[in-house]
Structures are given as C-alpha cells and as structure tokens.
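Engineer: Sharing the features that Swiss-Prot gives for it:
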{"type": "TRANSMEM", "residues": "35-55", "note": "transmembrane segment"}
{"type": "TRANSMEM", "residues": "80-100", "note": "transmembrane segment"}
{"type": "TRANSMEM", "residues": "116-136", "note": "transmembrane segment"}
{"type": "TRANSMEM", "residues": "147-167", "note": "transmembrane segment"}
{"type": "TRANSMEM", "residues": "176-196", "note": "transmembrane segment"}
{"type": "TRANSMEM", "residues": "201-221", "note": "transmembrane segment"}
{"type": "TRANSMEM", "residues": "226-246", "note": "transmembrane segment"}
{"type": "TRANSMEM", "residues": "283-303", "note": "transmembrane segment"}
{"type": "TRANSMEM", "residues": "313-333", "note": "transmembrane segment"}
{"type": "TRANSMEM", "residues": "354-374", "note": "transmembrane segment"}
{"type": "TRANSMEM", "residues": "385-405", "note": "transmembrane segment"}
C-alpha cells in the first residue's frame, strides 16, 4: 500500500482518496446502505400515511401488540414496536460493532493522521447540536433536557438514499469521509445510550452477560462460525443485557467487537469481521432498520395543534440541532482544522462540497428516533419528538440536495477520472498515482 504521509513541509490534504482496497470496500457498503435507505424511506412513509389515515387505530394496535405476554418474568413481554427498537436494532448495532472494529484495526481510523478529521468533525457534529438543544430548552428545564442527545446522530442509510435520489457522484474522498464520520458518530451514540439512557441498572445480569459474549468471542477468534452455537449465545447475551437495564442494542456492539478483523490464514481473502459484515449488513439495512423505521415513524398528526407543536421547545431544539447544529459542528470544526494546521482541501474538493455533506449529516433518523424513545418513553412529548426528527431530517435533506445538485457536473468529471484504468490492471490510475 502506498505511503500516504505527506513529506515534511507539504500541506496535508483533507478528503484525499483512500487506498484502492478501502475504496472497493466503501463502494460495497454504499450499494447496500443506499438500497437499505430506500427501504427505510418506504417504511417511514407507509407508517406516516397509515397512522394518519382513517385506519390509524389499526396501526397503533399493531405497534402495541404484545406477541409474548408470558415473558414478563424475563421482562420480555414487549410490544412489537419495542421488539423492533430493542431486538431488531441489535442486528444493526452488531454490524456497527463490526464496522467500528474494522475501521480501527484495518481502515482509515487506524492512522491517527487520517482519523483526526472524521473524529474531530464527528465530535463537533455532536457537541454543537447538543448545545443548541440545551440552549433552546434551558428555560423549560426538567424533562425537556433529557432529549439533548436526539439531534446528535447521523443516519448514514438515509443520507446515502438521498444521494442516490439526487444522483450526485460524490468524490471518493468525501464518500469515505461521510462513511467514516458516520462510524465515529455511531460510536459516540452507543456511548451516550449506554451511559445516559440506562434504566434501572442491575450489575449481576450485566456481569453474567459477559460469559456468553466471551464464549461467542472464543468461537469467532478460532474461526468457528457455527450458527447453531453463535446465534443462541447472542440471544442469551442480548437477554441478559436487556435485563441489566442497559439498552439491549449495546449487546450487539459488544458481540461485534469480539470478531477478528485480520485474515486468519494466508489463503483467506477476507477477515471474519468483513465476512460477517457482508452477510449481516443486508439483513440490517434491508430488514431490521426499515422495520424499526416503520414502527418508529408512525406519528399521528390528526387533531394535533400544529401551532403548539412547532413552538414546543423540544421540537425547536431538535430541528435546530439537526439543521444548524450539524452544519456548524462538522463544517466549523473542519474549517478550524484547516485554518490552524497545514492541512488543505484536496484539489477536487470545494468548501461547498463539505457544506453539502455537513447538511447530509443532519439527517438523524434511526438513532435519533431511538434516543427519543429512550428519553421520552411513553411521555406526552413522544409524538412531538418523532415529528421533530422527521421534520429536521427532511429540511436537512432538502438543503443538502440544493447544495449538492449544483455540483453534479463537477462530480461527474471527478467520477470519470476515478474510473480511468489505462494499463487495465483492475486498479484505477488515480489510486496508483496519488501525491497525498
């Protein structure tokens, strides 16, 4: 692999291309997440239409149906909507755990110089929206402040679905930045959920959960992918984490962290983490997340006082955090990084491109809705939170589309250049002749 460290005295380029293997991996992720984002949008639209139709009562009845009333002893007498949030999203977070470990072991995040930009941007994109939300809700205080983390999340599947719709050929360096930013964003979201949105904490079940997680890790470290052993261990780990009061999706992340990234034998084409990610990402993007979106997005606006909704400090804080906070946090932190270091934008990238990507990061659908449910579960603000997340994400998507559509011609020129392979060795020329 070509050394990407710039020579002394040369400015480091922000959003430069990754290596060719990393580019191929990102392309595979993009295809799956874009398709999944389309299904996510479809699920959300169906839920909204159904919940606001004359048959809205049947939607509510379906979401509140408890398939296993006898599971109360294990606290598993959950309705379908909760099973989607706690159960199916564990698959999503398992893939996130695999992705995180891969990025830190073999991806861009293993290099501190390349990791600095997405990490700083993700932190900025978390702090500023949270501050905006707190600022708006500070006078209200009390329960309102529990929602501070709602506008801090980015939904990469939704963002990529928007990109697919507007047809933008986003440069490879920016695609890598957007995906890596989302990975770091997911890590921060997992940390926030585990620390700030834990219910009645019980230490014993959490300690017991370490046993099936350790056995799961022992098997995968030895490359034993017996589904009849791994899936029951994962279910037991999920059940114990759920019983502990920590949100059950954290079990998915911990299981993902145990999977080895590097190839075990010389003949292996891929590490086990990449293999499992390739197998489970379609399940996550094509089923788990769309079903969660279907149950989470069904907010009924019939009979609602729209004036009261749009002036609710919770709604204003979430929308402002997603639309303004993400842009100020990501764009601002990147600008400051370039301003106070020798870093500069890659030749193919403009600050307008970064503005569009920063707006895309304001689409905070899946994890924002999840945090909203944890912060205001069963409360009067629950529907307002859903409406705010949907509204803020829609505004961010529209603004990003306006900015990025104007750059389409330039994107196409870059895309053509990134496909040129003059010596026909299967590796485009731009990945062989990079000046960092």
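Note: Cβ is positioned from N, Cα and C throughout, glycine not excepted.
Give me the lay of the land around each of these features.
Structural biologist: Outside the transmembrane segment (80-100), and at least 6 residues removed from its termini, the chain residues within Cβ reach (under 8 Å) are 62-67, 183, 186-187, 190, 234, 238, 242, 247-257, 259, 273-274, 276-277, 280-281, 283-284, 287-289, 291-292, 294-296, 366, 370, 373.
Sequence-distant contacts of the transmembrane segment (116-136), counting only residues of its own chain at least 6 positions beyond either end whose CB sits under 8 Å from a CB of the stretch, comprise 14-15, 108-109, 145, 147-152, 154, 177, 180-181, 183-185, 188, 313, 316-318, 320-322, 324-326, 328-330, 332-334, 337, 343, 358, 361.
Away from its own ends, the transmembrane segment (147-167) comes close to residues 30, 33-34, 36-38, 40-41, 125-126, 129-130, 132-134, 137, 178-179, 181-182, 185, 188-189, 192, 196-197, 285, 289, 314, 317-322, 325-326, 360-368, 371-372, 375-376, 381, 385, 388-389, 392-393, 397, 400-401, 404-405, 408 of its chain (Cβ-Cβ under 8 Å, at least six residues beyond either end).
Tertiary neighbourhood of the transmembrane segment (176-196): same-chain residues 15, 17-18, 22-23, 26, 29-30, 93, 96, 99-100, 103, 107-109, 115, 117-119, 121-123, 125-126, 149, 152-154, 156, 159, 170, 246-247, 249-250, 253, 330, 357, 360-361, 367, 370-371, 374, selected by CB-CB distance under 8 Å and a gap of 6+ residues from either end.
Through the fold, the transmembrane segment (354-374) approaches residues 15, 40, 44, 85, 89, 92, 125, 147, 149-155, 157-159, 162-163, 170, 174, 177-178, 181-182, 185-186, 189, 192-193, 197, 247, 249, 289, 292-293, 296-297, 318, 322-323, 325-327, 330-331, 334, 345, 382, 385-386, 389-390, 392-393, 395-397, 399-400, 403-404, 407 of its own chain, all at least 6 residues removed from its boundaries and within a Cβ separation under 8 Å.
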Engineer: Quick check: do the transmembrane segment (283-303) and the transmembrane segment (35-55) share at least 3 Cβ pairs under 8 Å, counting only pairs 6+ apart in sequence?
Structural biologist: yes
Engineer: Residues sitting near the transmembrane segment (385-405): Cβ under 8 Å, six or more positions beyond its termini, same chain?
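Structural biologist: Non-local partners: 44, 48, 147, 150-151, 155, 158-159, 162-163, 165-166, 168, 170, 296-299, 301, 309, 312, 314-315, 317-323, 326, 352-353, 355-357, 359-365, 368-369, 372-373, 375-376.
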Engineer: Could you pull out which residues elsewhere in the chain have a CB under 8 Å from any CB of the transmembrane segment (35-55), counting only those six or more residues past its ends?
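Structural biologist: Counting only partners 6 or more residues beyond its ends, the transmembrane segment (35-55) has Cβ contacts under 8 Å with 155, 157-162, 164, 282, 284-286, 289-291, 293-302, 365-366, 390.
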Engineer: Same chain, outside the transmembrane segment (313-333) by at least 6, Cβ under 8 Å from its Cβ: which residues?
Structural biologist: 120-137, 139-140, 144, 147, 150-152, 154, 181, 351, 354-355, 357-359, 361-364, 368, 372, 376, 381, 384-385, 387-389, 391-393, 395-396, 399
